[in-house]
Amino acid sequence: MPHTSKFKFGQLGIHAFFWLFVIGSLLPFALIVMVSISGESSIEQHGYSLFPSEIRFTAYTFLFHDFSEIARAYGVTIICTVIGTLVSLLVTTLLAYPLSRTELPFRRSLSFYVFFTMLFSGGMVPWYMTFTNLLPMKNTLLAMIIPGMLLSAFNVLLMRSFFHNSIPDSVVESATMDGASEIQVFFRIIVPLSLPIMGTIGLFQTLSYWNDWYNCMLFIDDPKLYNIQYMMTKTLTNVQYLLMKSSSSAQAGDMLAKMPRETVRMALAVVGFAPLLIAYPFFQRFYVSGITNGAVKG
């Protein structure tokens, strides 16, 4: 009985800790949402609060007054995220699978070369010149898909570990003996068995592409190609960006005076993270399974 009581007390402590951790993680999101639907005067008088004295949707009304810009930014973000994630999964899988096969010559050397890229890079200036001069990607969607995110050494090593530890060699050998080619083995056997790790890495890549604003800042000058995160970042640092279509300085000043600045900033943050917050539960089961299996050392 004493051991049982101690065990229950320990379990209760663990559950309490994680409940507090979850609540602490969700509080910033809840605060952002509540501030975004607060009145600007309430923010000025009482500051940020989880329980605003008045509920107003002025920030969202102002934000979606010209919905075309936000819709265009969402479209650019979705296109880059979907295409980038799918291509990244394909490239990562095609590199990780051969590295997991023991019969591959120089497998350890190639794996070290991949790992080396996690520690050192060629530098910012050569990297930028590669994608602007050597590969003219400036002001194209490719500039927000390829540089820096299409292939991650961490993802390659994670997937290689999954292949090595979770897919028995006997499965591949059996398919080869039945006359299957390497391509057939890969697409008909390896890929279906790799859905957990692909879901995990797909989530990593989705988050990377969705939250990226740095590549957009470096390579994109055309406002029509701004993604949602860069538009949000630019707005947060300069409220004048929202007024660039104003026809006169008097009109701009009038709009700036009426603009709910603090609540608009929070509303922009909600617009940026809400889609991922909604989509994450659907990827969670793949994420947990994939990260657990892929992290096992061989």
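Note that Cβ sites are derived from N, Cα and C of the backbone, with glycine treated the same way.
Annotated in TrEMBL:
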| type | residues | note |
| --- | --- | --- |
| TRANSMEM | 12-37 | transmembrane segment |
| TRANSMEM | 73-98 | transmembrane segment |
| DOMAIN | 74-283 | domain 'ABC transmembrane type-1' |
| TRANSMEM | 110-129 | transmembrane segment |
| TRANSMEM | 141-158 | transmembrane segment |
| TRANSMEM | 185-205 | transmembrane segment |
| TRANSMEM | 264-283 | transmembrane segment |
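Sequence-distant contacts of the transmembrane segment (264-283) (same chain, at least 6 residues past either end, Cβ-Cβ under 8 Å): 29, 32-33, 35-36, 59-60, 62-63, 70, 199, 202-203, 206-207, 210-211, 228-229, 232, 235-236, 239, 242.
73-98 is the stretch from 12-37, 73-98, 141-158 with the greatest number of Cβ pairs below 8 Å to the transmembrane segment (185-205).
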